[in-house]
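As written in TrEMBL, here are the features:
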- 3-161: domain 'Glutaminyl-tRNA synthetase class Ib non-specific RNA-binding' (DOMAIN)
- 164-190: domain 'Glutaminyl-tRNA synthetase class Ib non-specific RNA-binding' (DOMAIN)
- 197-232: domain 'Glutaminyl-tRNA synthetase class Ib non-specific RNA-binding' (DOMAIN)
- 241-540: domain 'Glutamyl/glutaminyl-tRNA synthetase class Ib catalytic' (DOMAIN)
- 543-642: domain 'Glutamyl/glutaminyl-tRNA synthetase class Ib anti-codon binding' (DOMAIN)
- 655-730: domain 'tRNA synthetases class I (E and Q) anti-codon binding' (DOMAIN)
Amino acid sequence: MADTLTLFTSIGLSEQKAKETLKNEALSLALKEGIIQAQRVNGASGVDKAMGTLLYSMASRLKDNKRLVFLSDCIAQRKICTELQLAAALDFVKSHPEDPISQKEFDETCGVGVVITPEQIEDAVESVIKKHKEQLLMERYRFNMGLLMGEARSALKWADGKVIKNEVDVQVLHLLGPKTEADLEKKPKVRELLHISLMEQLRGEALKFHKPGENYKTEGYVVTPKTMDLLQKHIEFTDGQIRTRFPPEPNGILHIGHAKAINFNFGYAKANSGICFLRYDDTNPEKEEEKYFTAIKDMVEWLGYTPYDVTHASDNFQKLYDLAVDLIRRGHAYVCHQKGEELKGHNVPPSPWRDRPVEESLVLFERMKKGMFAEGEATLRMKMVMEDGKMDPVAYRIKYTPHHRTGDEWCIYPTYDYTHCLCDSIENITHSLCTKEFQARRSSYYWLCNALDLYCPVQWEYGRLNLTYTVVSKRKIIKLVETGVVRDWDDPRLFTLTALRRRGFPPEAINNFCARVGVTVSQTTTEPHLLESCVRDVLNDTAPRAMAVLEPLKVTITNLPKDTKMDVRVPDFPANEAKGTHTVPFTCTIFIEQSDFREVMEKGYKRLTPEQPVGLRHAGYVISVQKVIKDSQGNVAELEVTCCSSETAEKPKAFIHWVSQPLVCEVRLYERLFLHKHPEDPSEVPGGFLNDINPNSLQVVSSALVDTSVKDAKVLDKFQFERVGYFSLDPDSSADKLVFNRTVTLKEDPGKI
């Protein structure tokens, strides 16, 4: 180790940096080999600090040491002299995985031997400044100088960036003169709401994606002697088109996490003029039901996406079987008799049947297909080790359960580990986008495609979207339904997509939420208030206003004739009355919220009291209390008031909403279903999630009053009940009684549970 430490410090690394490098075994080996190769070319003392810096950069960025000697030679021979040239060289070797490398093409691509003179740099910068002179004189030092740098570097690809910057600084100073006090003032910030598209949010990750046909440029992708030919055939079939897929299991309802996957897969394809399949991963007939197939497609379309094609893993059952036979023939799979319990966990004992003869496994696999084994008596396993150390994953298992599409035709069904990558290959998927937990299956994904000499897509992983105060596990939601905590999968307190739709969440809001969260490699846990904020943003512009009273207090206006009835015109959107209006009746009997009246005046209270009048929204009246009528228990039951025109009265401190001749309706008010942020965390909720139910998660107001403008509303129509919240018409509504779900409050309430 001491000798290696000395070797590393000899190229200019500090002792601390050298020691840190030694802790990374892969980097140490690559750097050591690179230095030794450079010393073979230049002698033991011929590697200076500049060369050493490039060798270190190469060793830390090169993912395939197959090209290490070649690149070390180029650095040692001073063909590669700058970081810019090194970056081009690394890209070149990644793009040319097959031997031999064309030295001529490499030299041209990496700028080998190209010399940029000071005169060329001066001329290029002068040309760029001339192009932007007018704007430069206007904006002076607030002009984006990076634009000048970028254009000059484009014109002089292999020039030293520092030299270009110095020349830009000199010529700008010559044009504008020294900075003035005005130049030194901070540029005022412009605060504006940016509606950023999903793909703009995705740029951080999606920009790293390979182009179709350039799969081999992706880190970790496995290149075989047949890879380039297979990629060529793939490109000929797809014509270079982006192809993605959304592959849900049809054994449950989609939830908010799936919305992110839908947006990513369909959004990425759409943004690149590509196509996206909806592919049902229907390989486990025990758990699949027709209602899930229908609901999944409905939710994808509800979010605004149309699949290029709806496919099923079961479409390929025969082809998958034939490939399994081929895998056995190639010596990559075998029939095993270990029991299911033995195969669980990560310390699985090696199978005693791993080396069974190929012909024997072929016969036994055929017998499995013909139903000559009991369930669990035999499996087909693949001879490979996964990234997490799990050995020989199962490819086929026996299940005597009829399949919803193929009936009793099959009694053996492929697993996810076997099916998924092969279906991606069959459909010529370019980008197999999946959540982070599937990273451990990436090795089996690449291994299986390559073992069968099939086109191999690239698997890209991203972090799951998790929300606090909820559970999304299918098993746990079923528990909530079975125990009566919620009514069904679409109970509005859940975060399944059907539940969010029933509660009144607009699909645009869910898509905007996914865009705000973005797609990153790290797992993200978000609080529901961010989603609710996106809902408010959409509903504020799309939900027409109505007036509703949840806790009615009767008010009689005594100075109006008893037969008074007039129509009051109410704007659907007060901020933009051009979007339409509706009328509501106004009589001498109205109803207001109980909370909008207090018998005893309190400091800061601005609504109705015996001493304080209040305005009626949209009606043009101000009312004043004349008499408070109470019931036998001493509760306020009715108010008698007088009214006057708001044009002549002194301006009241507040205007309140009201209803007259209203419809009686049921209103359901929802709060969070769970009391704690992480109901599945034993350290936070030791008794389990079923013991963390919020007893106030649903409040039913059976006799709320709403104005007549909503009488013709259809199921899922959305409204803003002024000063109350956003509401959506529930499917439980009937001709006799409307039922409204509160979607969200008007403002976030930081104090709610």
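Cβ from N, Cα, C; glycine included.
In this model, the domain 'Glutamyl/glutaminyl-tRNA synthetase class Ib anti-codon binding' (543-642) carries an average pLDDT of 95. The domain 'tRNA synthetases class I (E and Q) anti-codon binding' (655-730) makes contact with the domain 'Glutamyl/glutaminyl-tRNA synthetase class Ib catalytic' (241-540), as judged by at least three Cβ pairs under 8 Å among residues 6 or more apart in sequence. The domain 'Glutamyl/glutaminyl-tRNA synthetase class Ib anti-codon binding' (543-642): residue composition by secondary structure is 6 helix, 53 strand, 41 coil, according to DSSP.
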